[in-house]
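Engineer: To start, I am sharing the structure in question, which I have written as structure tokens.
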Amino acid sequence: MALRKRSVGVVAVIAAAGLGLAACGQSSSGGGGDAIELTIAQNAIQGGKNEAAAKFIADWVIPKFQEAQKAKGKDVTVKFVPSGVDDEQYKTKLSLDLKSGKGADVIDIDSIWAGEFAEAGYIKPLTEVAGAEADSWDGWSQIPEAVQGMTEFNGKKYALPVGTDGRVLYFNKTLFAKAGLPADWQPKSWQEVLDAGTKLKSSGVPVPIQINAGTAMGEATSMQGVLPLLAGAGGEVQQDGKWSGASQPLKDALGLYQKIYGGGLGDPKLQQEAKGRDKSFQQFADGKIGILMEGDYFWRGVVNPKTGVAKMADRDQVVGYAMIPAMEPGKGIRGQDFVSMSGGALRTVNPNTKHPKEAFELLTFMLSPEALKEETKDGNVRITPRSDVNKEILAGEPLLTFISEKVLPLTAYRPPVAAYPQVSVALQEATAAVVGGTAPDQVAADYQKKLEGIVGGAGNIAS
Amino acid sequence: MAQATSPPETRPEDEAQAPRYSSDAAGLGKARAGAFAAPALLLIAVFLVFPALWVLYLGLTNYRLTGTAAAEPQFVGLDNLLDAVSNPTFWSSTWLTVQFVLGSAVIGQVGLGFAIAWLLRDRRGPLKRVVEGLVILAWILPSAIVSFLWVALLDRDGGTLNALLGLPGFAWLLDHPMLSIIVFNTWRGTAFSMMLYGAALGNVPPSHLESARLAGASGWQQLRDVVFPHIRGHILTNLLLISLWTFNDFSPFLLTAGGPDGKSEVLAVHVYKVALQSGELGYGAAVSTIILLINLVVAVFYLRLLRSKK
């Protein structure tokens, strides 16, 4: 009998384990009856990355939305699923969630992932998921054309835009004063940036210039590095459906990397470190970096005196900013003197959700003027997708006014195609090779070879 | 020394008793015995055999994490395997993995683990307990915590090691990534070898060592002619296990993320990077298949050595 009993026990344990596994597989949005549970996933976490966004969701969005739904007679519970990791890792996690038919009901994605997620069927056009309300949302009329464009793939809208951004050159005014450089610095060519770097170096600044390079920084190398430089040399990664190979603009952009990192004006090792970008933030905040190319996220989320990851109490006095110059005046894309790159986040409804209507309501709720104003108060201003809101909130914010008035009119966007992320990695590898000491011409030729493999042959590359 | 080398003899009585234990010791009968084994076999089939076969299949497709090929993967035959063997990154990863296994497992963990076990074999008291405690602590702490501590130790700007050595700015993880992860893994995994050899050395009959010493054998001669023959099986089993574990170890990723520029990208990290970060699941599965084959070869090599003892 003892044997029997034990075998019963074993079977019970196995059965329990099986039930446990099955329970893990339950969708998070389950729940029967009238109770509806919604989840929101963002790469934001209290006490870490994008803390302000995480707080806003926990303290305002969730209680207010639940209240609003209750007023309509619906019992809705909203939960926040935080992350605080590199964007590439967040993307991997999301794709795995979506691939297995799971994931939060409302998800934030980078606009540049929309193409490949849509092709994989991970996200669907909003009208398919949420119905006709998606097109008739009254917010669309307030969103500029270019920002709406980020949500589209093959002519269909897959998400609502969360905002947009722009890139500038940040500089430390204290270090500039020591090096005899003006506090209202605005370089007009790459040479003027290099000259400022040389002066900073001779005044004892350890890292005069930081322009992201290498693969460890991921997309940050593309957006805050090689792409603005490429635009400044008059090039684009893709033009009229053809990819640019070993073009002169690419060689020029790589040439600038060589001058910075081969000439002692930058720290090549920082580009290789696993946490190099976080370190560059810290070094800028500690007054060790003179000039840094970054997006407005840096101002809002990194050196923000209240919620930044590398807080600078005296940010408003010490941190200066300037437009990114073209190689020489008039040499940028479209003949511009200054250039930038823009992207932005999107928020969409997971096609696997059990409550698409409520999830879409949550989406629009978070983009209502009321919510955006609440989110951006107390020093958390960002460029929202809505012109009506921007008009009010940007007034007191010098950098974001600067970006929305001076930078956004001349900015450029990444090609919204599924192959772009792979091309971007090839560009990052190219910058890594130059920083490692390979000649730009050789690196450009290698890049073209890799590009042929990615985009399907030399026929898709402009000669 | 031939007598000393052979393991405890099999006694002739064993053969006489053999029939009692022959086929059905528990008296269950085939059907019931099968029923008992079935849940375990089922779990193995679902969680081990099926995924392995699935990886073999995925390796023959262009399956991706995102994009069109995620929705409709195409069968591409052996293309992925051919791509892998003609890809210099794959070969450099393989070579780095060999260095990692030889350096941290075979030389580092086995050497250090045996040395500690040998030095502490006759000791009792606090010293032995403290040393063993520290070594085992390195083994049982979670990887994420341990690697965070090592990053803090080896960091270029504020690292403890640089502060101790007075070498500010020396980039251990960038200039010597392989050395860093080899030392790290040696530190991390020595406990297993130490405990295994500690137990094995306890089985060496003291009388054999005594007679060797009386015969005037030096320390090295005692090791070579008395101890090693006795624990040969333990050594080979230990080598087999830790070679395979180290070969498939992912924790170097937590220290260097495979960088800088792939200089510490061992195969486990390589697969993670191509399959999950670049999203090339098909190619990643093909590389995993090759890793599986290498593991099999290593395992067969050790098992044959182990068997040749009889």
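Cβ coordinates come from backbone N, Cα and C, glycine included.
Predicted automatically and left uncurated, TrEMBL annotations should be read as such.
Residues annotated as region 'Disordered' in TrEMBL: B:1-21. The transmembrane segment annotation in TrEMBL covers B:36-57, B:96-119, B:131-153, B:165-187, B:231-247, B:281-303. According to TrEMBL, the feature domain 'ABC transmembrane type-1' maps to B:95-302.
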Engineer: What stretch, picked from B:36-57, B:96-119, B:281-303, has the most CB pairs under 8 A with the transmembrane segment (B:165-187)?
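Structural biologist: By the under-8 Å Cβ criterion, the transmembrane segment (B:165-187) pairs most with B:96-119.
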Engineer: Return the stretch with the most CB pairs under 8 A relative to the transmembrane segment (B:36-57), choosing among B:96-119, B:231-247, B:281-303.
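Structural biologist: If we count Cβ pairs closer than 8 Å to the transmembrane segment (B:36-57), B:281-303 scores highest.
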Engineer: Would you kindly list the residues that approach the transmembrane segment (B:231-247) from elsewhere in its chain, counting only those six or more residues past its ends and only Cβ-Cβ distances under 8 Å?
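Structural biologist: Sequence-remote neighbours of the transmembrane segment (B:231-247) are 97, 100-101, 104-106, 109-110, 113, 185, 189, 192-193, 196-197, 199-201, 203-204, 267-268, 291, 294-295, 298-299, 302-303, 305-306, 309.
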Engineer: Let me spell it out: take the transmembrane segment (B:281-303), skip the flanking residues so only those 6+ beyond its ends count, and list any with a Cβ under 8 Å from a Cβ in it.
Structural biologist: 52, 55-65, 69, 73, 76, 80-81, 83-85, 90, 94, 236-237, 239-240, 243-244, 247-248, 267-268, 270-271, 274-275
